[in-house]
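Following: one structure in structure tokens, then a few remarks.
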Amino acid sequence: MVQVAPSLWTRLVQRVAPYAQLARWDKPTGVWLLYLPGAWSIALAAGLESTTSAGHGTEPPVQPTTSPVGSLRLQGAFLAGAFLLRGAGCTINDLWDRDIDKQTIRTRQRPLASGRLHLGQGLGFAAAQTLAGFPILLWISTPAQQRAQRFGVHQIRDLLHSTTFLTGVTALVPATLYPLAKRVTMWPQAVLGLTFNWGVLLGWSAATDGSMAWRVVLPLYGAGWCWTLVYDTIYAHQDKYTDRRLGVGSTALRFGEVHAKTWLRGFAAGMVASLTLVGVVSEQPWPFYAGVTLVGAQLFHQIQRVRLDDPADCMRHFRRMPLTGLVLLLGIAGANAWRQRVPVSTDTEAVVGTQSSG
């Protein structure tokens, strides 16, 4: 009996390991990159909502919280959702790319490319991860004041038509099409930017019960899109020679060897400019701009230092990118805390007031 348990455990690990590798559970960088744009949006929306409610003496539509990043339960739900959907996205990507991965040194040992999992297993695993995210999407689609309550079939039917639920479901479209983009365009990273920053739209909707302040949300989404172009272009430089040989598109190839860093600096500047616009239209105090300044400094420093012809160095700088997003989240949190110390301006109230009409 003593020898049976290790044998069963070993077989279990051997069965689970290919799926864990397929979902990149051992590489959490992508989870944080998917989660952070939604976290920014939740924190920004919560800060504006709580400040406006304080100014009017009314109760905010989001759940009351003392956290400067908004509802911790909502943030936790987004992190769990990012874990599941990033895994599903990686699985879908590997289903599309299994033949390409066989010809790339860095990816040829992935489970589908190496034959450890077959096509049906990959499809089933992608479906399972997507379905596992369904209860999370249903919960964040529930109005904030009802999330602690039980609800029946009729309530679920209503939630399926809610703005938040529909926003979450539509995210599957760019997520599914991203692997196709590299076959038809040199800008697949632009499509990835649309996908990885969908949390900006979903986070704001979830934090405000389905309303949307577009003049804040759109520049925030644009900032995240620019950020994605920076970090995923650096990531793509690992495989640029193989991609060129196979005829696969990427911004690493599109920007070329000479002008690559000029393009990256342009997108970094675009991120900083978009975040500055977010701050202006939402009347952010100085901690927000301090965060934006640090974000810009980090990005330009990494672009200057990264050696684009060294795959290992590209991966090192890619793995540091979540720190940039975390700095911005801390800047938003600091701004929310600072807002509680000063009176609410009518301009800030107007920004939030446009949500119901937006």
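Glycine too: its Cβ is placed from the backbone N, Cα and C atoms.
Tertiary neighbourhood of the transmembrane segment (77-96): same-chain residues 22-25, 30-32, 34-35, 38-39, 42, 110-113, 119, 122-123, 125-126, 129-130, 132-133, 136-137, 139-140, 171, 175-176, 178-180, 195, 199, 202-203, 206, selected by CB-CB distance under 8 Å and a gap of 6+ residues from either end. For 77-96 (among others), the entry in TrEMBL reads transmembrane segment.
According to TrEMBL, the transmembrane segment annotation covers 117-140 (among others).
Look at TrEMBL and you will find 160-178 (among others) tagged as transmembrane segment. For the transmembrane segment (160-178), the list of distant contacts is 85, 88-89, 92-93, 130, 137-138, 140-141, 188, 191-192, 194-195, 198, 201-202, 205-206, 209-212: same-chain residues at least six beyond its ends, Cβ to Cβ under 8 Å.
The annotation transmembrane segment is assigned in TrEMBL to 190-207 (among others). Note on the transmembrane segment (190-207): residues 33-42, 44-46, 49, 62, 70-71, 74, 78, 82, 89, 140-141, 144, 163-164, 167-168, 171, 174-175, 177-178, 181, 213, 216-217, 220-221, 224-229, 232, 251 of its chain, located 6 or more positions outside it, place their CB under 8 angstroms from a CB of the stretch.
Below 8 angstroms of C-beta separation, residues 33, 37, 40-41, 44-45, 48, 189-190, 192-194, 196-197, 200-201, 204, 250-252, 255, 260, 263-264, 267-268, 270-271, 274-275, 277-278, 281-282, 299, 302-303, 306, 308, 314-315, 317-318, 321, 324-325, 351-352, 354-355, 358 of the same chain, each at least six residues beyond the ends of the transmembrane segment (213-235), sit close to that stretch. Marked as transmembrane segment by TrEMBL: 213-235 (among others).
The annotation transmembrane segment is assigned in TrEMBL to 262-280 (among others).
Taken from TrEMBL, the feature transmembrane segment covers 323-339 (among others).
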